[in-house]
Structure formats: structure tokens, C-alpha cells
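Reviewing the structure listed below.
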Amino acid sequence: MKDQKVIVALDYDNQADALTFVDKIDPSSCRLKVGKEMFTLFGPEFVKELHKRGFSVFLDLKFHDIPNTCSKAVRAAAEMGVWMVNVHASGGERMMSASREILEPYGSDRPLLIGVTVLTSMEQQDLAGIGLDIAPQEQVKRLAALTKNSGLDGVVCSAQEASMLKADLGKEFQLVTPGIRPAGADVGDQKRIMTPVDAITAGSDYLVIGRPITQAENPSQVLNEINLSLASVL
């Protein structure tokens, strides 16, 4: 199966609505992201429903805790059979290393383990508000390097940082990019955004796209158009 680049962010507070949407799209066209709200509302059974329909799932819970607790949460995600799971890189090297090591018994079946650097809604004044006198891009570089040194597979980052991180950390280090909006789509609450083609060209490996697909009249068509546009740069 080809490596789908698009990850559709499912942001629903009603499980029936979510599954109605999911049944309109093809598992060969994308992967799905389940975040905190949906997982808190619907739990592991919802992830199982997505797996039954043939979708790979990115469990976007951004674990951040002491190493023992965080690593056990990551192991629970692996037991669920998800394709990708993430942790906050600001949790530090010991937390990330413990989370990576606990996945060793799963071999090639283990989920990709991704670090979260700087949330795409954060600007320099937001970082200053939590005591970090540093530009977002510099904090991303610092946390991404820490993530790689901890043995993780990649990071979540904005597309603007993708080319820099590929140059610094190598082509094998996976970059997962939210804040992606097809040309002409509403920006929403993401501060640092880019189109799908621009993001892949810049070095992003996977693109997280939500409302432009989930709120489309014909989500399957939107997905096909995005994938066709990406075919020219892959």
C-alpha cells in the first residue's frame, strides 16, 4: 500500500457524525487523527471502529508526564494497534527515551513515536508568557534535536520549519505538519500555515488537515484533489 501523506484530523463531539464522515472516504486516500476530545468522549472502542474500516490511526494525545507514566501510556497506544502516537518533547530526554524503549518488543509493528515541539498556535509572545525568551523557530530546533537524540522517529512541526529540520536532522527524521490548508481554504486558528504541495516540497512527510476536508460537501473529492496535487511533487 502506498504511503498516504494526508492525515485527516477528526474533530467531532458526536461519534455517529464522525463515523458518517469516515464512511464517505477511502482508507487508501488518507490516515486519520484522533485527538484528546474524541478519545476522552469515545475511548479505545472508537479507534477500533476506525481500524475495522481499514484506517491507520494517529493517536494525538501528546503525552507529557514522568518517564514511567508516559512510557506506559505509549505502550497502551501500541497495544491498541495505532500507527502513530506522540509525546511532548518538552517532557525531556529521559521521558522520550523511556517511551521509545518500551516499544522495542513490538518490532516492526510498533507505532511511529513522534515528539511535539512548539504548538502551531504559539507565537513568540506566547513563549515569553511561559518563561521562554526564545523565538518559536529556535525552540523548535532545540526540541527537535532533543527528540532525535532520544531515539524518536520524528516531530510535529510547522511547515515553515520543515526544510531547516530536514537539513539539520536528516531525511529519515519524519516531519508531521499541522496547519495545512489547501489553497483558498479558511486559515482558522492556526498561526503558521502552508498549502499541501508547499509543505511536501519544504520537507514535510505527513500533512494534518482537518476542517477543509471534514467540513467539505464532498470530502472524498477534496482528498482526491489534494493527493493528485501531491503526486506531482512526490
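Note: Cβ is positioned from N, Cα and C throughout, glycine not excepted.
Lifted from Swiss-Prot, the feature list:
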type	residues	note
ACT_SITE	LYS62	active site, proton donor
BINDING	ASP11, LYS33, 60-69, THR120, ARG181, GLN190, 210-211	substrate binding site
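For HIS64 (substrate binding site), the same-chain residues that are 6 or more apart in sequence and have a Cβ closer than 8 Å to its Cβ are CYS70, VAL87, HIS88, SER90, GLY91, MET95. DSSP assigns GLY210 (substrate binding site) to coil in the three-state reduction, placing it in neither a helix nor a strand.
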